[in-house]
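Okay, so here's the structure we're looking at.
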Amino acid sequence: MDPPSTSKFSPDPKTPSPKLLAASYRRPSSSRTIYGDRFIPSRSSSNFALFNLPNSSSNASSDDSNSAYTNLLKSALFGPECVSGFQPLTPEKSSSGGRFSCRSSGSDSVFQTSPPNCNIFKYKTVTRKSLHSLSPFGFDDQLPGVSHSPVKAPRKVPRSPYKVLDAPALQDDFYLNLVDWSSHNVLAVGLGNCVYLWHASSSKVVKLCDLGSDDSVCSVGWAQRNTHLAVGTSNGKVQLWDASRCKRIRTMEGHRLRVGALAWSSSTLSSGSRDKSILQRDIRAQEDYVSKLSGHKSEVCGLKWSYDNRELASGGNDNRLFVWNQHSTQPVLKYCEHTAAVKAIAWSPHLHGLLASGGGTADRCIRFWNTTTNTRLSCMDTGSQVCNLVWSKNVNELVSTHGYSQNQIIVWRYPSMSKLATLTGHTYRVLYLAISPDGQTIVTGAGDETLRFWNVFPSPKSQNTESEIGASSLGRTQIR
């Protein structure tokens, strides 16, 4: 196209003419710039040689230019190996400061160049170069409104407990539940025929009760919102204590054999026994229990109410996992896939109806269920006896503790079930597990007569915030 004329035209304002007006569009003045409705970017400052593209002012044909761009596009999308005879440029430093290596399939050459002006694909001058700036699909930190944060590194979980408590006479019995952590930050532990309270904020230890030489503690369970503690005994009784006053409120009967599992739902206390039954107790009522749930063919060793208090999950030594509603006396859902005793049970606080369960030595699997749709979701073989499960309320993760043969503690990310950490230290099966009220710390107990405290979960606001019972109480002490 011919360049526009530079001749000057000054029409008489008193005698406007349509022909003259038309001529003014064809013959613009050289003293002012005429703007059209098309935007044609200037390529004068672009370094085409950097991308192996011919300059528009060269004699190369447009087909060659298109071919070079096509090769560059293929290389960026699918890798250099997908482009025959062409490899994209890589800024490799040679011994000289301003040298870059330019490779092709047939020869190697090095050329001297200044830092490139890579504005071929954008109308903004780049002042900082990176490996990504050589690709049209690279990152430009200086583009307005666009930020590219680095890939977040996996969260680090401390591999050692920050506190260890000696717990003499802590039983090595898979079917018992002897540790629980209250919403008031008090840990209850059953040791032999006694129950001890450890106040996490002050590390103070209080002896709550002594059942006598003819009885022993088989389970403990805190009420959700108050200071009431239920204690299941080997004689088949359930004692209710007010821990704030260290006073027993009442004793409830109904079971013929030991009570190894307890679970609270508001004012309802559920107890599971070796006599295969589950008793529902309303602590406000005068009766010892208001209903009896039958279904298990062996000892009930796991009990958990869902977070909305509508469903009760129970596990037994008959390898069965049952789900009950608030009013049923027969299970509404039955899961029979486990091949060993089901003690480990945990409801997700993040997804309604998501239930996790773990099997014993012959099973070793963690299974996930959707009780809303009665769906079997997934299964993970852990390689060891699954003793306990607990979900984090702050992030979508859970912890499992294990017995034979590795005695480990595993932090899992759900739903991928990738391992965040594997913690070791116990020399016996990790039979007991509880989580702190802030959701950051877990305590584990084993037949090696120790309780170990681990910081495994982040706080709701920051993954770097320590638990309020954290490093200030480092060391090893005795719980009684």
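Glycine is treated like the rest: Cβ placed from N, Cα and C.
Curation does not apply to TrEMBL; its annotations are automatic.
Summarising the annotation, TrEMBL assigns region 'Disordered' to 1-30 (among others).
The domain 'CDC20/Fizzy WD40' annotation in TrEMBL covers 165-454.
The repeat 'WD' annotation in TrEMBL covers 210-251 (among others). Sequence-remote contacts of a segment are chain residues at least 6 beyond its ends whose Cβ falls under 8 Å from one of its Cβ atoms, and for the repeat 'WD' (210-251) they are 176-184, 186, 188-195, 197, 257-266, 269, 271, 273, 275, 281, 283.
Among the features that TrEMBL reports, repeat 'WD' is placed at 293-334 (among others). Same-chain residues lying 6+ beyond the ends of the repeat 'WD' (293-334) with a Cβ under 8 Å from its Cβ atoms: 174-175, 177, 260-266, 268, 270-274, 276-280, 340-347, 349, 352-353, 355, 357, 359, 363, 369, 371, 374.
As annotated by TrEMBL, repeat 'WD' applies to 423-456 (among others). The DSSP breakdown of the repeat 'WD' (423-456), given as helix, strand and coil counts, is 0 helix, 19 strand, 15 coil.
Residues annotated as region 'Disordered' in TrEMBL: 461-480 (among others).
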